[in-house]
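Among the features that Swiss-Prot reports, compositional bias 'Polar residues' is placed at 319-328. Taken from Swiss-Prot, the feature compositional bias 'Pro residues' covers 550-563. What Swiss-Prot records for 564-575 is compositional bias 'Low complexity'. According to Swiss-Prot, the compositional bias 'Basic and acidic residues' annotation covers 576-589. Feature annotation from Swiss-Prot assigns domain 'UIM 1' to 482-501. Swiss-Prot lists 528-547 with the feature domain 'UIM 2'. Annotation comment: Swiss-Prot describes 564-583 as domain 'UIM 3'. Marked as phosphoserine by Swiss-Prot on the basis of a large-scale study or a structure entry: SER552. Look at Swiss-Prot and you will find THR556 tagged as phosphothreonine, backed by a large-scale study or a structure entry. Residues or ranges marked as repeat 'ANK 1' by Swiss-Prot: 39-68. Marked as repeat 'ANK 2' by Swiss-Prot on the basis of sequence analysis: 72-101.
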Amino acid sequence: MAGPGPTFPLHRLVWANRHRELEAALHSHQHDIEQEDPRGRTPLELAVSLGNLESVRVLLRHNANVGKENRQGWAVLQEAVSTGDPEMVQLVLQYRDYQRATQRLAGIPELLNKLRQAPDFYVEMKWEFTSWVPLVSKMCPSDVYRVWKRGESLRVDTSLLGFEHMTWQRGRRSFIFKGQEAGALVMEVDHDRQVVHVETLGLTLQEPETLLAAMRPSEEHVASRLTSPIVSTHLDTRNVAFERNKCGIWGWRSEKMETVSGYEAKVYSATNVELVTRTRTEHLSDQDKSRSKAGKTPFQSFLGMAQQHSSHTGAPVQQAASPTNPTAISPEEYFDPNFSLESRNIGRPIEMSSKVQRFKATLWLSEEHPLSLGDQVTPIIDLMAISNAHFAKLRDFITLRLPPGFPVKIEIPLFHVLNARITFSNLCGCDEPLSSVWVPAPSSAVAASGNPFPCEVDPTVFEVPNGYSVLGMERNEPLRDEDDDLLQFAIQQSLLEAGTEAEQVTVWEALTNTRPGARPPPQATVYEEQLQLERALQESLQLSTEPRGPGSPPRTPPAPGPPSFEEQLRLALELSSREQEERERRGQQEEEDLQRILQLSLTEH
């Protein structure tokens with residue numbers, strides 16, 4: 001039998017799972033570990049698809065890229081989940097988070113160095129999560145990211161930490177980045193616990209074994225992935241086009257202008273923005289598939305989204321086949337670039353559904369705004385995108401070739417039912433003064449520096465607050481895959497109308513429905529009130545659901561049970577539809593009245 005051929009030597013060793021020879025070949029440093037075979041797979045992607053755990057372990061030890069996607073847009077971790085192997089998923093997930101952490105170590109000093117050249121400033125980024133579904137819109141939160149920049153130092157304050165276990169995670173945190181000659185200092189300040197976690201990021205990774213061990217996922221996390229569909233959501237902006245919005249009627253239509261945060265802005269629509277969601281279920285048991293379908297069908301039928309189901313229908317399974325090579329593809333066939341596999345493939349046969357929905361993103365661009373998107377704002381978004389999935393989506397959008405001007409406001413889709421609206425405001429405290437920021441006198445050196453909006457930032461905002469405990473970075477918070485959790489939460493909330501879960505919606509209303517532009521109470525007081533409100537509601541819900549003992553006082557007979565989810569949804573949609581029709585009728589009536597007035601005014605002259 002012939003040995004490995006001269007082409008794709010690492011891939012051929014992976015195919016045969018000859019992991020000891022693979023280890024030796026990698027130690028020689030003579031082969032490209034990221035080389036793609038004729039089917040577009042790297043050695044790691046091939047090893048995962050074939051389920052060759054020993055080869056996967058060797059490649060990961062040699063730092064094969066876990067974050068790479070194949071030609072179909074699936075990441076290595078998603079392919080690992082499709083194998084259904086818990087050990088494979090645990091290993092790939094651990095190294096994925098480890099590689100993200102090391103990239104963070106290398107990237108932060110470079111981003112801070114970029115910021116050093118830019119003028120100092122303070123700005124607020126207001127994030128509002130909105131929805132066109134009436135019931136979902138009630139639970140959408142909002143948050144204001146407050147950003148201070150001075151030299152190589154950056155501070156970002158937030159109270160909306162993320163989304164986990166079907167709830168929005170809140171807490172008062174500050175993220176402080178301070179550039180240094182040999183790297184950077186990162187501080188995460190937890191104002192609720194008065195604790196500061198400090199991490200020094202050098203140009204070289206310290207104690208990689210310790211960091212790798214800290215990234216090991218729990219068994220519950222692995223089990224959750226293996227019993228849930230694989231979901232991929234991304235914005236397809238390949239055909240995006242920007243158009244000026246118009247206002248007015250008939251021959252008086254003009255390009256739309258709006259004032260945002262005190263700046264005149266041109267309003268653009270980004271068309272042909274497609275939100276693509278693909279779901280794979282080949283790794284699920286029949287019970288898990290039934291549970292998944294039962295949770296999604298009413299909502300999907302309500303949205304009316306175009307959905308396509310596809311499954312592998314390749315050649316019949318042959319006697320010599322294995323579960324990861326069901327059509328018995330030979331290595332000679334696989335590695336021959338001129339041989340067509342047609343519908344045959346390696347790996348478990350794919351069961352996938354896909355949804356495509358077109359959206360319009362909206363931008364408000366001001367050519368008068370003094371901030372620079374590339375020099376001042378993009379590095380900050382890059383920093384926050386390391387640990388925040390929403391900032392990562394914003395970064396992907398603003399890196400497009402935008403029309404001229406600074407985006408003072410952006411509205412982009414995050415999921416099929418959720419949009420994010422980001423507004424930049426209070427530049428250098430011009431709207432609401434802050435003690436930590438001031439505009440220098442005209443005679444000062446800062447004012448004479450040529451900066452179109454000179455600003456001085458108090459250096460003490462980048463220091464550890466008095467009385468706080470300082471700890472090392474004992475824990476890690478890798479970038480969360482929030483998309484699927486958020487989508488499922490939106491589905492759950494969209495089906496609610498009455499009962500205890502409706503009171504949970506009231507919690508979010510109480511937490512987030514603040515009047516824009518109003519001066520808020522002190523942040524600590526507001527947050528404490530939020531916690532007390534949530535605790536009180538949780539206790540009341542528990543009391544309402546606890547079983548009653550024999551000696552308990554009689555309770556008022558319960559009202560008839562609430563209708564089914566489908567019935568709730570139908571009623572909610574009917575109400576929403578009637579309201580929408582009424583709004584359209586009023587708008588049409590106003591338009592007709594205006595046209596009659598204009599016609600009369602023209603005939604009189």
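Placement of Cβ uses the backbone N, Cα and C atoms for every residue, glycine included.
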Hey, which bits of the same chain come close to the repeat 'ANK 1' (39-68), Cβ under 8 Å, at least six residues off its ends? 10-11, 13-15, 17, 19, 22-23, 26, 33, 75-77, 79-80, 83, 85, 87-88, 91-92, 95-96, 99-100, 323-325, 334, 341, 346-347
From the DSSP assignment alone, can you count helix, strand and coil residues within the repeat 'ANK 2' (72-101)? 24 helix, 1 strand, 5 coil
Counting each residue once, how many in the repeat 'ANK 1' (39-68) are helix, strand and coil under DSSP? 17 helix, 0 strand, 13 coil
On average, what pLDDT score does this prediction assign to the repeat 'ANK 2' (72-101)? 94
